[in-house]
Ligand SMILES: [Zn+2]
């Protein structure tokens with residue numbers, strides 16, 4: 001049985017047994033918060049439990065590294081949607097220690113791509129046509145700096161209203177301990 005088959009067969013039972021009933025909520029986050037974090041599997045359950053974020057409490061956006069690569073990309077759009085359409089009035093960027101994005105090396109990934117059958121010419125063509133592989137496939141060195149950068153990017157975004165608090169945190173993927181990097185309330189009162 002493939003993983004997909006297993007998921008589909010589990011799902012049939014899940015729906016038939018009405019197990020979904022205890023997850024009833026609305027699309028509006030109860031705690032009026034949007035959280036941007038990393039897709040790391042160690043955080044799947046740990047992060048919400050460690051932050052006391054229950055089902056229905058928050059809009060949670062995840063990618064590799066909790067990074068915003070582009071001010072007009074899909075992550076920023078999701079944050080704007082959460083703010084304007086879903087009543088979120090706080091944003092929390094939550095990076096984590098030992099993140100895979102902190103050791104990302106473009107050459108390493110491209111070598112693996114070639115090993116997996118991607119033609120080197122394809123990569124060269126992309127580079128010649130203006131794709132900057134180095135910045136596309138680069139992560140960050142220090143997670144605290146990356147969180148700070150994302151918080152600044154959101155806070156200074158031309159479409160983010162000034163009454164939204166933008167916080168920055170780093171979570172330990174083993175213990176769930178949070179470290180406050182930027183307190184968005186304090187920042188708001190000084191500006
Ligand atoms: Zn990560």
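Glycine residues also receive a Cβ, built from the backbone N, Cα and C atoms like all the rest.
According to TrEMBL, the protein carries these features:
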BINDING   38, 40, 96, 99  Zn(2+) binding site
Completion exercise
Taking all protein chains shown into account, the Cβ-based neighbour count within 10 Å for residue 96 (Zn(2+) binding site) is 28
Handout entry: C-beta crowding around residue 99 (Zn(2+) binding site), within 10 angstroms
Key = 23
Practice task
Return the residue, from the listed binding-site residues 38, 40, with the maximum count of other C-beta atoms within 10 angstroms of its C-beta.
Solution key: 38
Fill in the blank from the handout: DSSP output for residue 40 (Zn(2+) binding site) maps to coil
Problem - Neighbours of 38, 40, 96, 99 excl. site residues, C-beta within 8 Å of centre, Zn(2+) - result: 37, 39, 42, 43, 65, 66, 95, 97, 98, 100, 101, 143, 171, 173
